[in-house]
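Listed in TrEMBL:
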BINDING   D:Cys56, D:Asp58, D:His117, D:Cys120  Zn(2+) binding site
Number of protein chains: 4
Amino acid sequence: MIFVAGPFMWLAMSSFPTRLLEGYQSFMSGRYTAERNRYRDLAEAGQEPHTLVIACCDSRAAPETVFDCGPGELFVVRNVANLVPPYAPDGNFHSTSAALEFAVQSLKIRQIVVLGHGRCGGIKAALDVDAAPLSPGDFIGQWMGLLKPAAQQIKDSVLLTSGERQFALEHISIRNSIANLRTFPCVKILEDRGKMALHGAWFDISTGELWVMNSQTGDFSRPETSLA
Amino acid sequence: MIFVAGPFMWLAMSSFPTRLLEGYQSFMSGRYTAERNRYRDLAEAGQEPHTLVIACCDSRAAPETVFDCGPGELFVVRNVANLVPPYAPDGNFHSTSAALEFAVQSLKIRQIVVLGHGRCGGIKAALDVDAAPLSPGDFIGQWMGLLKPAAQQIKDSVLLTSGERQFALEHISIRNSIANLRTFPCVKILEDRGKMALHGAWFDISTGELWVMNSQTGDFSRPETSLA
Amino acid sequence: MIFVAGPFMWLAMSSFPTRLLEGYQSFMSGRYTAERNRYRDLAEAGQEPHTLVIACCDSRAAPETVFDCGPGELFVVRNVANLVPPYAPDGNFHSTSAALEFAVQSLKIRQIVVLGHGRCGGIKAALDVDAAPLSPGDFIGQWMGLLKPAAQQIKDSVLLTSGERQFALEHISIRNSIANLRTFPCVKILEDRGKMALHGAWFDISTGELWVMNSQTGDFSRPETSLA
Amino acid sequence: MIFVAGPFMWLAMSSFPTRLLEGYQSFMSGRYTAERNRYRDLAEAGQEPHTLVIACCDSRAAPETVFDCGPGELFVVRNVANLVPPYAPDGNFHSTSAALEFAVQSLKIRQIVVLGHGRCGGIKAALDVDAAPLSPGDFIGQWMGLLKPAAQQIKDSVLLTSGERQFALEHISIRNSIANLRTFPCVKILEDRGKMALHGAWFDISTGELWVMNSQTGDFSRPETSLA
């Protein structure tokens with residue numbers, strides 16, 4: 001690990017982003033002041049989040065914002081397109097699997113939500129028939145390869161509009177992540193015992209609507225319409 | 001993809017978490033209503049986040065909260081202990097590398113913040129000398145293995161208290177992630193040209209303090225003291 | 001044409017349905033009384049409906065109800081699944097083509113809406129993989145055969161839930177009917193001259209929502225959300 | 001399926017008709033709000049309409065309006081002049097036969113009403129001695145050909161006024177449709193068993209009068225006079 005100072009311009013860029021420092025000041029004078037004791041307690045007692053959320057990196061779909069959750073509530077994994085890879089104890093490092101294991105085994109979280117969203121760039125990339133790799137490493141191509149069979153099937157659904165194909169794969173991807181969660185023995189066993197609940201949800205950035213997955217059919221609908 | 005209905009308790013658990021639905025209602029009547037047009041614009045025009053944040057899954061350290069950022073500002077990767085693995089174009093899927101590639105190559109983000117925090121469970125696990133795997137897959141063990149040489153050295157620093165060892169590895173880990181970011185050609189080349197800025201920050205859950213890394217020395221300090 | 005009186009039970013059934021006579025009395029004392037002059041004028045001057053609606057026979061999706069339209073407004077074709085067959089001047093009788101010709105050539109209607117709806121039994125039949133003919137004539141099988149290639153493609157989309165497959169084919173069918181409308185020279189020529197507008201809409205029986213087709217992309221969305 | 005954007009005027013015409021959107025808003029705030037639960041139930045449980053109505057496309061004679069029927073009551077076929085073709089299991093697609101089959105075999109409807117009306121344009125076309133085809137396909141000519149022998153006989157009844165000839169053929173056409181209904185084995189068998197009732201009715205647009213066919217004589221009369 002080496003820190004090499006770059007040329008002048010780099011130095012100019014090296015101070016911490018002003019926008020973030022201002023935001024932090026706002027946090028300190030606002031939320032933190034209001035919830036000071038809660039933060040202290042959370043630090044002392046440790047976190048006991050009620051839900052693991054697997055969400056997308058997208059800047060418009062932060063789970064704490066969509067669910068208006070405060071500190072200590074959500075343990076959050078965020079990767080491109082909210083994917084969960086299948087269980088693969090192969091000795092490689094697996095970011096999402098590690099977080100899942102930590103959430104379930106160490107934090108004893110018993111409620112998992114896979115949160116997808118509309119206009120997902122990862123899903124769009126998976127459906128792009130002419131996509132060239134973004135870089136020689138093609139990391140996005142490899143990562144979205146987790147959805148490859150589904151993406152191929154949807155690409156072939158030429159009677160759907162491009163918007164409908166995107167919508168469909170966003171929903172399929174959530175179901176796929178949930179199915180992959182069940183390949184992890186710790187999840188499967190707990191669910192079979194009635195001690196673990198897996199949920200899917202999809203956030204429409206444009207309208208602000210939250211669509212919730214019916215656990216039995218896999219269909220998505222808005223809770224205000226489906227729950228009445 | 002098969003949806004198998006479980007026993008009675010599971011059925012009872014299958015409805016979407018009430019807490020999250022209530023939070024969503026609060027979001028809709030609050031922030032969404034206030035920022036409706038911004039959400040519409042973000043949906044139409046696409047996201048243009050100014051910063052990629054690599055943060056921890058910890059429920060107490062959400063970057064949108066700490067930096068009080070609104071929709072569209074932060075593209076966020078969250079994994080256990082905010083790690084970045086080194087560049088490894090090996091054809092496997094890499095969650096964090098994929099998100100990094102997408103952020104830099106597709107979204108043209110030119111500012112990256114690695115945000116660590118105090119009392120990090122992942123760092124604690126890496127320092128636990130008696131740690132047994134959390135599950136047969138030992139995903140956390142493998143994942144935190146990315147910090148293995150550093151963790152070993154800190155474990156051996158017996159003159160430090162356990163609190164100091166934790167504090168030290170949390171900071172080392174941030175510097176390590178930044179060093180690994182530089183192993184990605186797309187990051188390195190842009191930084192060398194003065195077009196990419198890499199930052200580190202560390203959030204103290206207990207006091208709400210934000211410590212910012214000095215890009216040249218790697219030291220962490222509170223901005224109100226360092227900037228004053 | 002022969003009227004053969006049946007046995008006793010049949011005679012008992014031969015009086016006009018009471019429910020309909022009561023409904024008619026209600027119409028006479030209500031709407032007809034309120035709109036007596038309008039009915040007289042419509043009878044004298046002839047109808048000048050502003051829109052041709054091609055809708056489904058379904059009892060829950062009457063266009064006059066959904067669009068709250070009065071006498072003289074909508075010229076309405078209703079067949080199973082609101083299908084339009086392609087132009088086929090083959091000397092056979094074609095119910096829908098005849099109505100289309102009459103609407104465009106004789107009544108000079110310049111606005112056509114294909115109105116589909118959720119939970120359509122015809123679409124469901126088209127997707128039923130195990131469907132046996134309803135009768136030896138298999139008229140529904142033949143009729144829904146107009147959607148055969150689309151239905152087959154959607155049947156093969158096994159990653160969609162059955163609800164999503166139904167939803168998708170309902171929308172595809174509307175677009176298909178609109179595409180087939182364009183195979184009629186009288187429609188195509190007028191549209192090319194900017195004198196004919198073709199629209200799609202989909203009615204959700206359960207929620208009462210109307211989804212409107214974007215004429216350029218073919219996507220469906222609720223007007224309150226898409227029009228803002 | 002290709003969506004080709006037309007010239008400027010067409011683009012201007014491409015937004016959904018305002019009159020229909022307003023009507024829909026009226027439906028939502030009126031009838032739908034009043035019958036919300038009924039719509040939900042109808043969506044969940046499926047439709048169980050009590051009557052199949054075969055009616056004309058005419059904008060002035062919607063059966064839901066004339067019979068003041070609500071959602072779920074009437075399964076409605078509408079074609080020009082409310083015709084039923086004779087049973088012809090020839091492998092071609094038959095709009096009306098398909099709807100009839102679906103109504104009787106799938107929905108188990110046991111009551112059918114053929115609803116004609118005054119000033120019917122289709123009947124008028126069938127009686128027009130100088131009629132040129134409306135388009136090269138002559139779909140109306142072919143369709144009204146289902147009434148050809150009757151129309152020819154009435155045309156030759158030179159002692160009737162043109163108004164009387166129109167009136168006569170409108171009634172004959174209803175009886176003809178009923179007779180053709182009986183050529184369908186599924187209808188005939190049920191009727192012979194006393195389990196199916198076939199009715200005729202004729203609506204006078206000008207006066208609002210409903211004339212009901214006497215099932216035994218085929219005569220039409222107003223129910224208030226015949227039932228009194």
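For all residues, glycine too, the Cβ spot is worked out from N, Cα and C.
In this entry, D:Asp58 stand out among the binding-site residues D:Cys56, D:Asp58, D:His117, D:Cys120 as having a C-beta under 8 A from a C-beta of chain C. There are 25 other CB atoms within 10 A of the CB of D:His117 (Zn(2+) binding site), with all protein chains counted.
The Cβ neighbour count for D:Cys120 (Zn(2+) binding site), using a 10 Å radius over every protein chain in view, is 25. The Zn(2+) site, placed at the center of the C-beta atoms of D:Cys56, D:Asp58, D:His117, D:Cys120, has further neighbours from the same chain whose C-beta lies within 8 angstroms: D:Ala55, D:Cys57, D:Arg60, D:Ala61, D:Ala81, D:Asn82, D:Gly116, D:Gly118, D:Arg119, D:Gly121, D:Gly122, D:Ile123, D:Glu170, D:Phe203, D:Ile205. Under the three-state DSSP scheme, D:Asp58 (Zn(2+) binding site) falls in the coil class. For the recorded site, D:Cys120 (Zn(2+) binding site), the DSSP three-state label reads coil.
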